[in-house]
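Visitor: Shown below is the structure under consideration.
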Amino acid sequence: MDQKIQSLPAKKNIALVAHDGKKAALKLWCIKHLNALSEHTLYATGTTGHLINKTTGLDVIQLLSGPMGGDQQLGAKIAEHEIHMLVFFWDPLASQPHDPDVKALLRLAAVWNIPVACNEVSADMLLSSPLMNVELERTLPDYEKYLATRQIDI
């Protein structure tokens, strides 16, 4: 598939997600990085967003709870280029009833070329990157061009 270039703004839209067993770790990470996170627009699945807002005072756009469709809402926002970074503290040792939604979310992050942090260290590295607060370009699949050239025989 052909590629196109898209600019990401200096002020990023960051999605915050955590499985139940990792919510405390994400909360502490948000407290640790309160100042840096306040410079960006934050999105989160419902329970996680409520917890972060309540404990940090950060403004968080809260979607549905992950198992109730919040993971899919975030996936749609990634596909629509509204999310620029995903911080997802997932629990690799616990089975999740919405595992297919989680896999779809991570797949969309890979398709649309957004950085993903799955634990505190990777999230620290992304947030402290010199690219975090500057405009930057990324390559994306050129889906519109693909659709324009696609032929379907009926």
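Using the three backbone atoms N, Cα and C, a Cβ is placed for every residue, glycine included.
Feature annotation from Swiss-Prot assigns active site, proton donor/acceptor to ASP71; the stated evidence is sequence analysis. The substrate binding site annotation in Swiss-Prot covers HIS19, LYS23, THR45, GLY46, THR47, THR48, SER65, GLY66, HIS98, and the record cites sequence analysis as its basis. Summarising the annotation, Swiss-Prot assigns domain 'MGS-like' to 6-154 and lists sequence analysis as the type of evidence.
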Visitor: Taking only the residues in the domain 'MGS-like' (6-154), give me the average pLDDT of this model.
Guide: 93
Visitor: In the three-state scheme derived from DSSP, which category covers THR47 (substrate binding site)?
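Guide: In the DSSP reduction, THR47 (substrate binding site) maps to helix.
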Visitor: Would you kindly give the Cα-Cα distance separating the residue listed as 'active site, proton donor/acceptor' and THR45 (substrate binding site), rounded to the nearest Å?
Guide: 7
Visitor: Just going by other Cβ atoms within 10 Å, which of the binding-site residues THR45, THR47, SER65 has the emptiest spot?
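Guide: Lowest Cβ count within 10 Å among the binding-site residues (THR45, THR47, SER65) is SER65.
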Visitor: Quick one: which of these binding-site residues, HIS19, THR47, SER65, have their CA within 10 A of the residue listed as 'active site, proton donor/acceptor'?
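Guide: Qualifying among HIS19, THR47, SER65: SER65.
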Visitor: May I have the DSSP-based helix, strand and coil counts for the residues of the domain 'MGS-like' (6-154)?
Guide: 70 helix, 29 strand, 50 coil
Visitor: Please give me the CB contact count at 10 A for ASP71 (active site, proton donor/acceptor), counting all chains in the structure.
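Guide: Counting Cβ neighbours of ASP71 (active site, proton donor/acceptor) within 10 Å gives 28.
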Visitor: Return the count of C-beta atoms lying within 10 angstroms of the C-beta of HIS19 (substrate binding site), excluding that atom itself.
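Guide: A count of 21.
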